[in-house]
Structures are given as structure tokens and as C-alpha cells.
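What follows is a single structure, written as C-alpha cells, with notes after it.
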Number of protein chains: 4
Amino acid sequence: MNQEPSPEQNWRHKLYVIIYEADTRAGKRFDVILLWLIVLSVVLVMLESVEEINTRYHAVFNLAEWGITVLFTVEYVARIITVRKPLGYIFSFYGLIDLLSTIPKYLSLFLVGTQVLVVFRSLRLLRVFRILKLHQYVGESQKLMNALRASRTKISVFLFAILIICVVLGTIMYLVEDRESGFTSIPKSIYWAIVTLTTVGYGDIAPQTISGQFIASFIMILGYAIIAIPTGIVTSEMTRDREDNEVFDTQSCPNCSADRHPPRAVFCYRCGTRLNP
Amino acid sequence: MNQEPSPEQNWRHKLYVIIYEADTRAGKRFDVILLWLIVLSVVLVMLESVEEINTRYHAVFNLAEWGITVLFTVEYVARIITVRKPLGYIFSFYGLIDLLSTIPKYLSLFLVGTQVLVVFRSLRLLRVFRILKLHQYVGESQKLMNALRASRTKISVFLFAILIICVVLGTIMYLVEDRESGFTSIPKSIYWAIVTLTTVGYGDIAPQTISGQFIASFIMILGYAIIAIPTGIVTSEMTRDREDNEVFDTQSCPNCSADRHPPRAVFCYRCGTRLNP
Amino acid sequence: MNQEPSPEQNWRHKLYVIIYEADTRAGKRFDVILLWLIVLSVVLVMLESVEEINTRYHAVFNLAEWGITVLFTVEYVARIITVRKPLGYIFSFYGLIDLLSTIPKYLSLFLVGTQVLVVFRSLRLLRVFRILKLHQYVGESQKLMNALRASRTKISVFLFAILIICVVLGTIMYLVEDRESGFTSIPKSIYWAIVTLTTVGYGDIAPQTISGQFIASFIMILGYAIIAIPTGIVTSEMTRDREDNEVFDTQSCPNCSADRHPPRAVFCYRCGTRLNP
Amino acid sequence: MNQEPSPEQNWRHKLYVIIYEADTRAGKRFDVILLWLIVLSVVLVMLESVEEINTRYHAVFNLAEWGITVLFTVEYVARIITVRKPLGYIFSFYGLIDLLSTIPKYLSLFLVGTQVLVVFRSLRLLRVFRILKLHQYVGESQKLMNALRASRTKISVFLFAILIICVVLGTIMYLVEDRESGFTSIPKSIYWAIVTLTTVGYGDIAPQTISGQFIASFIMILGYAIIAIPTGIVTSEMTRDREDNEVFDTQSCPNCSADRHPPRAVFCYRCGTRLNP
């Protein structure tokens, strides 16, 4: 019981608290520094892609990216060392993100012209979620996720119906419209139907014939009206979530611990025991 | 009573269970295969429409389409044979869809250049709904349909008002705007009004005069604001639907007639009397 | 008391019932014919505006328009004769619409090139509302109008804030963006801000500089997020409207006739009288 | 106690009532005049920016702007003199707006080509809010602000997630799409992702490759579906706000402690006891 932790264990635990928790001052500072490093590294990725900026500051970007990569490597190793189950961490969602967002620079030593690695570097942004997870926002985003999860099936049905509508209407438009207007193939017409139904409306493909514009009008009004459906689903779910916590009383029965009593309840609805006032 | 079913009846019944139901293992497998066949056939229709792909793989597509058509024909015949009332099936919604989505390839033997048949082939996609109908999603999509059906009248009124607004505003724009901006006729101006009100905004027709842009701004803000109406209708309907069915029980206490008991209530929350089961 | 109506009065009353009411068979038929005449006349207006169609069928259109105008004139005179207070009708909203939608053709005899009269002719469409008013849809559209009327002040505040945001952001964009991108004046920039905030997005004016695209992104996300506000207002109002009729009991107090009692009410909240069970 | 106010104090107080309050006739007239002055000055700013109008009426605009500036200066000084704590006013939000919207014309005497001052002049529009604050609309806009404030955290989480989605999807599009389609850098691709997700869809940058259009379709449908989230948040908040404040009274019965009485309740609906006023 009074077993003293070995100095090494002690050191690892302290590091664990700093890296994985945010309740201590050092832990908070670690998170803030990491947050800025991530943002910095993503800004670097963006600037590098701008032709004029990259040609001028290429050396600076290269150096900065190496610095960030080394720091992320150190962090990755530290996370593996301090955690209780290293394999669990490595193959967890965030563990894989950490790895994928660290290796691109190393790979670029061996591979040439691998632009795809840029995406992995931008994946670093997902790490921001872990940091924020430990702080505020947890409760609110939890509620949002709950409402979305509860309406998952309804929304899938809706999206599925949308897709089928777009395929059928896209096919019809392919037949109705001129090839010159941009409706050169069915997949392209379906793409146009999605652009129109979601009210995005790029205008790179637009119907020119009268019948085409008539069908297009129908799709637009449809899209304008049925946006009410996902909105209705999510709103209904969110209102329910709130009501569940408020419309019902917070007390539970002293006998059978049933909860969700109406606000004015005097007796438990399940076992009939008189509730505490 | 103990009448043994004839071997033929037995065989037909087994096939019926496989084709029309999804509770058995064979029935499920049949549905999954059919689902993939439908998706495959629709993908074929799409690819065929892409000029470059079609010229290269035309023979393959032709063969695959024949294969799928034969399989669908077999299925269609099997459905007619096994069902109790063949005529009822043939003239049902899905019966017609099944027929229409099977015959195009046969017709193409006699008719030349009948692109319209492509639409019939894409109608196959509607058959997906029947398959999904038998599985999950039924309850959820039922609720969606109920909410939409209940708000049908309100939404018709809304759409009707939208159309009249678009006709009147389109006519005004036709007078106000230059013919060069694309407002060449009243139907085209009405089309533009729909494009604008639904916030699609292609940009192929856009007002150029100051007064035209002023009216356009009005239409946009109108469209932006009144989208609240269908949303409000559907949301209100969905919330009601949920409240009616889930939050409260419909029974009332036999002693004090208190109602709005929680769904699992056994005892009255007000007087403690045991509720009727 | 037993005063017999004069034959003329009798005749006028019968005509009144046909024209203004829809409960009799003749009244219903009158409304349906009128509805089709209106739709026909508006379709004529549209077709006339299409250059190619008009040059070919100009004579037909002219004749048809004269026929409709005469019929509408007859109807207008009949309405004045049969109604009890002719002046009240003439200066009512629908009275003015009736007049304005009848005279254009007569005016075209004296005036040349008066395209503006086309708008008056399209105003005929508004007359459709009167006809529908007499039939179904009354209750539903009434509820819609109630919800909108109740949220009028909130929506005005919202639209007003939108306009001010667009003016300020439009002015900023005018300074930030190049004149070549289309931001040639502040009114035009404000127009662009409205196009962007309402998520219409024509694309005829689009920011080209980085700072301009940054501000544009801000406006878009703002517009995307604050559409929640009118939706929230109207939905909230519609849910309340429904609840008012449902959450409260339908009974009224036998003593003081106060209504809107809670569902479980035993005593009147206003006078304390025991309510009928 | 009977201390007579000095004539000067009296004079200052009267002016204070006119300028800062709107209950007297003079105060109301002052507000209306100020409102029109502000609107006029903003209209001037707009017209000045239109090349053709400005070259013709430059002298008029200059004179009018000087007139307005002098009037605003007088008002600004009067506000400082009459208010009890001048420093508090000067450094308040509206105090700074008043100053910033007055000085541009004076600065233009010393500085040349300072277009930025135009923005300060358009800031005058914000002063409109103060005037309206004193009148109607206070309650309604207060409720709107409350609902928005209550859902602030949820909306931040939502916007934050939107931004990260746009960065990641923009980066992917940068890799997938041709440079010729307009996806010339990652920041530009992110800008495009925002344009698409918010369903604005300018069309100045639009995907041309099949994979690009596939990802674009995904973004559009995502944007179309998740607009339900802010809407759900605000609607849920507004419904709650209403329920809390309006549908039920906050008092409970002194005899049986029943709550949720209607707002005008005088007697308890359950036991008939007279409620405390």
C-alpha cells in the first residue's frame, strides 16, 4: 500500500499528466503551445501552395516544416512512452492521425513530387479536436452529437432519397437538354442536378432550352422546399433533448429510483410510492 | 384442414417467400443480389452516356445490359407466377416500374436512336425503394412521410404563393431590365425569378440596371426570409408527431382522471391509484 | 316583414350569390370558369413576350386578349351592380385589382408602345387569391398568416439588421476590391453583399483579391448561419400557435367563460369556479 | 430638498431629455430628424461612389457633406455637454461611433486620397441602432439577442467544425483538381470550399474533373444537410425562451404548490385556492 513509485515511474506519470491532461498549469501550457504549432504548420502548408510566396520563401518553409516535424516526432514518442498501453494509443484514431501528420516530411526525403503528402499534413488540423476535447465545449458539442446521432437514420433516408431524385432528374435532363449547354453525359447531368437541388448553382452548366428550364425550376423549388426536412428532423431532436431534461422533474423515486416524473408528480408512476416533496 | 399443399403450390410458395419477403436467409440474399444488380445497371446507364467510355467499351456495355435485362425478365416472370393476384401486381406501381425498366433493351432491337429509353432504364433505381421497404428504415421514413402528409395543404399554399410571386416579379423584371442581360421574354424572366428566389443563382441571367438590381435584392431577401415558412411547417409537424406519440401516454387515471402520464406509468402520479394496463 | 322582394332585387341577389359566393353549383362553376380565364390570360401575356411566338400569332393573341378583356369588363360591371355598396367594392383592394387588370387593353387603343401595361395584365393573377379564398385552403393559409403576423416585428428587426450589415460590408468591399472585379461603386458592392449573404451567388461580381475573398468568406458563413434566425422565429411561432390550441384544454369556465385552462384543470384560474368534468 | 436648479442646469437637463430620451415630443422629433440625417448622409456616401453621378454633382455632394458634418459636430458637442459623465460617453461604443463618423470630413482637409474614410462615414449607419433602441423593437430584438447569446457556444462549435471541414476538403480539392479550373492554391481552394458549403456557388471557380465534381457533390450535400444544425440550435433556444417566459406563470399555489398556471391565473387550477397577486 505504501509502495513508493520508482523515480522513473514518477517521471513518466508527470509527463503523462502534462501531455494527456489539462488540469495542471503545465498541462494547459502544453496544450496551448501544441495548438499554436498545429495552426502554424497548417498555415505553412497553405502558404507553400501559393506559387509566388513559395518561390520566394521556399528555404524558410522547408526549415520551419523540419522544425515542426521534429517537435511532433518528439511529442509522438513521448505519447507512446508515457501512455499505459502504447499499442492501444498507436492504433487509436488520434494515434494514427498523429503518425500520419508527422511522417510526410520524412517520406519526402525518399520520394520526389509527392504532393499527396500535403493532405496528410493538413490532417494535423484534426488534432485540434483532441485538444479542445479536454477543455470547454465538451458538453455543448456532446449535445449536438447526440441530436445528430438520434436523427441519423432519418437523415440517411433523406439523403438517400435526395440522391435517387438527383439520378432520375439528372438522367431526364441529359435527354432534354442540348449537349452544348454542358449536359454532355449522365454523370455530369447528375452533378448539375445536385448543384441545383442544393441551391448552390455554379452556373457553369445551366439549362438553355425551355423544357430544360422548366424541369430546372421544378428541381429548384423542390430543393428550396425539402431543405425543411433535415431542419425539421434536427430541430425536433434538439427540442426533445432539451425537454427530456427540463419538462420532467429531476427527482427520482426513493423506492424504485424511477425518474422522468412529471413536474407536479406526487406519486411514483412505476411503484406508487409517495415521492419526497 | 390437413390438406397437404401440392408440390407445385409448395414450390411457388417457397419462391414467393424468397422474392417478396426478407425474413429468411434466401430472401435476404435475393434482395441483396437484386440491389447490386440494380445499382450495377444504373452505373452502366451512366457510363454509357460518357462519350469516351462508350466508344471504347460499347460491346461490353451491350453484353452486360443484355445480361441484366434477361435476369430482370426472369425476375419479372417469377414475380407474376408466384404472386396470388398477378393482375394486381402487374398494374401496381412497382409492377409497372418493373415492366418499364425491363423492356427498353427489347425495344432497342426494333427502334433506332431511341435515347428516351435511357430514362426508363434509370427508373430501375426506384425499385431500390421496394427492397429497402422490406428492411429497416421503414419506421423512420414512415414518420417523415406522415409529417409531410400532415403539412401537405400548408406546403401547397406556400408553393402556390411562391409561384404567383415569381410570375408577377418576373413580369416586372422583364419590363425593367435590358434584353441584353438575358431577360428576353417573360417566361425567361420568371425562370430567373425562380432561380433567384430559391437562392440558386446560376448567374447566366443577371440584372445589370440599377432598378433591376434593386428588385433582385428584394427577391433575394424575400427568398432568404421565407424559406423559414416550409421549415416552420415541417418542424412544427414533426415536433407534434413526436409529442403525440412518445412523451406522454394516452391513458388517464381511473380514479382522478389525471392524464399525460409517462409512457411506462403504472401508478397515477397525482393520486397513486394503479392505472389500467 | 312579408315584403316580397321585387323581381329586380331578386335577380340582383341571384347574380350576387353566383359571383360572390361559392356554395351553390352555379357559383362554383362561375369561379372555375373565372379561374381558367385568368390563367389563360396570364399565359397569353407570357407567350406574347416571346419574340418568335408573338410575330407569328400576333393576330390570335390580340383577338384573345380582346375577348378576355370584354369578359372581364362584363364581370366588373356585374360586380358593381350586384354588390350592396358599389363604392366600397370599387375602392377595395380586389376592386382596384379588377379595374387595373381590365383597362390595359382599352388604354392600348390610345397609347402606343405602353409595355408597362403588361404588368397590370399580370396583376390579374392576384385575382386568383380571391377565388381560392372562397374555397378550401382558407384555414391553413390563415394559420400561416397568423404565424407570420405574430413574428412580424421580430422579422422586421432581422431584415433591418441584415440591410445595415450589407451596407457596411458592401462599403468595406468597395474599398478592398479592385474595380475590375465588378465592385465599381458602393451601391453595386452592397448589391453584391446581398447576393452573397442570401447565398444566391450569381458570380457576375466575385472578389479576386485575397482580402476580398476573406471578407466574402466571412459574409457567406454569416449568411449561412443567420438564416437560422428567421427560421427559428417562424418555427417558434408556429409551434406556439399549435400548442395554444392543444396544450390548453378546450373547455371554458361555466361561470366566467375564461378559456385556455391547463389540461388537468379542476378549478377556473380566473374565478375559482369548479369546472365541468 | 427644495433646492432650485440653476438656470444653466435647467437648460442642460432640458437638452439632455431631448437628445437622450424619446418620451417627449421634442425628443421624438429630434430622433426622427437625426434618423433622416443619417440616412441622407449614407445615401450621399453611396452616390458619391458612383463615377458618373459624382463627376456631375461633386460640388453639391461636398457642400451637403459639410452641412451634415457640422450638424453632427454640434450634436456631438451637445451630447458631451449635457451628459453627466462626459468621459463615460466619449469612450462608450456609441460615443466612439459618433466621433468616428464625424471626423472624416475634417481629416479630408489635411489628407488627400483617403478613401478609407468612406468606411467611417458608412459607420454612421450604426447610429441608427441607438435611435431605434429608444423606441419600439427593444423587446423583440432583446429576445432575439437572448436566444443567440444562449446558443453562442453551440454555434461557435458548429462554425469551428465548418472551418476545419473547409480547410481539409479545400486541401484535398487542391490536389485533385486542375490548376486551370481555378484551384491555384490551397487558400483559394478553401475559399471555394466555403463558397460551395454555404451553397453560395459563384461559379468563378468550379471543378472540371470527375473526381473533383464527386467531392464537390459531397460538399454540397453536406452543406445542404448541416444547415439544419444552426437552425435547430436557434429554434430550440427560441422555443425554450418563449415557453419559459410566456406560456406559464412562475408563481405556485400557496395551498397545494401546483405550478405552471396560465399567466393571468387568479385561482389555482387544482385546488381552487386564491393565488397571491
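Just so you know, glycine gets a Cβ as well, placed from its N, Cα and C.
Unlike curated records, TrEMBL annotations are generated automatically.
Summarising the annotation, TrEMBL assigns domain 'Ion transport' to D:29-244.
The transmembrane segment annotation in TrEMBL covers D:30-47 (among others).
Here the transmembrane segment (D:59-78) has long-range neighbours at 15, 19, 34, 37, 40-41, 44, 47-48, 98-99, 101-102, 104-106, 124, meaning same-chain residues at least 6 beyond its ends whose C-beta is under 8 angstroms from one of its own. Positions annotated as transmembrane segment by TrEMBL: D:59-78 (among others).
Per TrEMBL, the feature transmembrane segment maps to D:109-126 (among others).
Packing against the transmembrane segment (D:155-176) from elsewhere in the chain are residues 148, 183, 185-186, 188-194, 197, 207, 209, 211-212, 215-216, 219, 222, 226, 229-230, 233-234: each is 6 or more residues past its ends and has a CB under 8 Å from a CB in it. Marked as transmembrane segment by TrEMBL: D:155-176 (among others).
What TrEMBL lists as transmembrane segment is D:214-234 (among others). Within the chain carrying the transmembrane segment (D:214-234), a Cβ under 8 angstroms from the stretch's Cβ atoms is held by residues 147-148, 151, 154-155, 158, 162, 165, 169, 172-173, 176, 193, 196-199, 206-207, all 6 or more beyond its ends.
Averaged over the domain 'Ion transport' (D:29-244), the predicted model reaches a pLDDT of 84.
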